[in-house]
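Below: the structure, in structure tokens.
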Amino acid sequence: MQRTHAVWPSVEEDDSLSLQLIPASALLPPNVSICDGFGFSCTNLPSLVIGTSQRCDGVADCPDGSDEIGCKACQTMFSCEVFSSNDKSAHLMCLRGSSLCDGVSDCADKSDETRFCRKDCVKGELRCNGTAMCLPNELVCDGDVHCRGGDDELNCEGKCQSGSRWCKRSKRCIPKWQVCDGVTNCADRSDEMNCSCKECSGSGKALCENSKICLDRSRICDGIVDCPNGDDEKQCPGSCPRPPSDVTINSGYALQDDNLLCADGKRYNRKYACSGLLKQCQDKCLNCDAEIAFTCKNKKCVPRAMVCDGMNDCGDGSDEAKCDCGVLERAGNVIRCGMTSEHITQKCIPALRRCDGYEDCPGGEDERNCDNCNANPKAIYCNVTRTCFSSTKRCDGFEDCPNGIDESGCTCEECRKQPYAMYMCSASARCFPRSRVCSPFSRCPRATGIDKLFCANKARIARSEL
């Protein structure tokens with residue numbers, strides 16, 4: 001069927017299966033909820049739903065500002081009465097701390113510039129340093145900065161009030177309009193924990209049912225675990241779930257699953273973690289991966305391409321020792337690499353590294369014109385181009401060999417080894433980076449309804465963000 005558009009696919013444009021028969025919930029893990037029944041629909045754009053915590057919070061989130069109109073109660077601690085020009089009815093204008101005593105009268109009665117703006121404070125009020133501003137206790141430690149210097153939000157541990165939450169990392173109160181909004185404002189994510197569906201509402205929000213964590217919907221089935229028990233990545237389209245043996249001991253090393261827990265808190269396949277490319281994993285590697293990395297004398301891992309490149313990448317100089325071609329030739333068989341514009345000094349490599357799948361020469365000629373890859377049983381041989389590729393090229397979503405042999409017959413175990421999130425096609429043994437599987441239609445051979453629905457949904461999200 002000839003495509004008549006060149007932008008985004010839609011569910012209706014599928015030509016092999018009526019995707020209408022597949023519910024949108026098929027894209028969601030079983031223990032994740034989309035809290036559609038709550039929130040505020042913008043007046044001029046009903047499809048945009050504002051979370052309950054953003055309704056009447058002193059900031060217009062709807063393009064037409066309708067979420068701040070007709071307020072009967074405010075998320076903020078200060079408000080003033082205004083009257084509708086249509087029916088003369090009264091409603092509240094919600095103001096945040098930054099609007100108080102700022103020299104601009106927002107309220108008709110100017111109470112935002114008079115009520116707290118005085119030099120003499122009475123008992124039970126906090127004087128803001130350096131300003132003529134007095135705050136009652138109910139405006140202190142509520143997460144909203146009223147004092148210009150932030151005095152009202154200092155030393156608040158155990159004192160957070162008005163629905164705000166204490167953040168241990170930043171040692172401040174998170175205001176209630178930032179609690180359970182799907183955006184992490186506290187490094188330990190405590191502001192997004194213990195949430196209800198009513199709190200975790202609005203367009204693009206999702207709730208992990210078991211852990212009660214609120215997060216952005218784009219983080220569901222993105223290949224990265226956000227919920228403590230991994231609920232956001234379970235039974236996702238195209239996912240390759242890790243086996244239950246993915247456990248960690250105190251040293252930070254993962255057992256059996258061949259993954260390392262690195263300094264950034266993420267797990268990486270041991271091959272990539274110990275390739276020298278990931279600084280966050282340097283201290284976690286007991287051994288460097290011999291296929292793609294060089295082990296320095298100080299046990300640091302650096303990519304083999306950095307050996308004899310004129311740069312001290314090891315720090316102890318061991319990657320630049322024994323690089324003289326004359327010395328190497330006296331020690332045994334070597335190959336002289338061609339010179340490039342970036343490498344004007346000729347590099348020599350041991351002959352045993354020829355056709356092992358790793359480009360040691362700057363121009364990669366050591367991996368071309370090969371009859372086989374016997375130097376490294378793990379390497380991939382492309383008989384079309386007579387080239388050897390590293391095993392890291394296997395099932396990475398990019399065809400390096402014209403006949404696609406490096407991307408055929410992939411297993412979940414192979415796809416999981418990549419350092420980025422992968423999508424496993426439903427009906428073919430192919431996998432792609434999740435960021436590239438839709439172009440915008442599914443690139444999966446013999447794409448199933450779920451594969452196509454995944455891309456249609458991704459297109460829908462992209463359109464909503466335009």
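Cβ coordinates are placed from backbone N, Cα and C, and glycine is handled just like the others.
Recorded disulfide link (TrEMBL): CYS141 to CYS156, out of the candidates CYS117, CYS121, CYS128, CYS156. Here the candidates are CYS208, CYS214, CYS236, CYS240, and TrEMBL names CYS236 as the disulfide partner of CYS221. Recorded disulfide link (TrEMBL): CYS56 to CYS71, out of the candidates CYS35, CYS42, CYS71. Candidates considered were CYS296, CYS323, CYS325; the recorded disulfide partner of CYS308 in TrEMBL is CYS323.
A disulfide bond in TrEMBL ties CYS180 to one cysteine from CYS167, CYS173, CYS186, CYS195, and that cysteine is CYS195. Of the cysteines CYS281, CYS285, CYS314, only one is given by TrEMBL as the disulfide partner of CYS296: CYS314.
The cysteine that TrEMBL pairs with CYS395 in a disulfide, picked from CYS370, CYS373, CYS410, CYS412, is CYS410. Put simply, CYS180 (disulfide bond) is 16 Å from CYS56 (disulfide bond) when counted between their Cα atoms.
A straight line from the CA of CYS395 (disulfide bond) to the CA of CYS236 (disulfide bond) spans 19 Å.
According to DSSP, CYS71 (disulfide bond) is assigned to a strand segment. Sequence-distant contacts (6 or more apart, same chain, Cβ under 8 Å) of CYS180 (disulfide bond) comprise GLY51, SER53, ASP191, GLU192, CYS195, SER196, GLU199, CYS200, CYS214. For CYS141 (disulfide bond), applying a Cβ distance below 8 Å and a minimum sequence separation of six or more within one chain yields ASP152, GLU153, CYS156, LYS159, CYS160, GLN161, SER164, CYS173. Spatially, by CA atoms, the disulfide-bonded residues CYS221, CYS314, CYS355 include one closest to CYS308 (disulfide bond), and that is CYS314.
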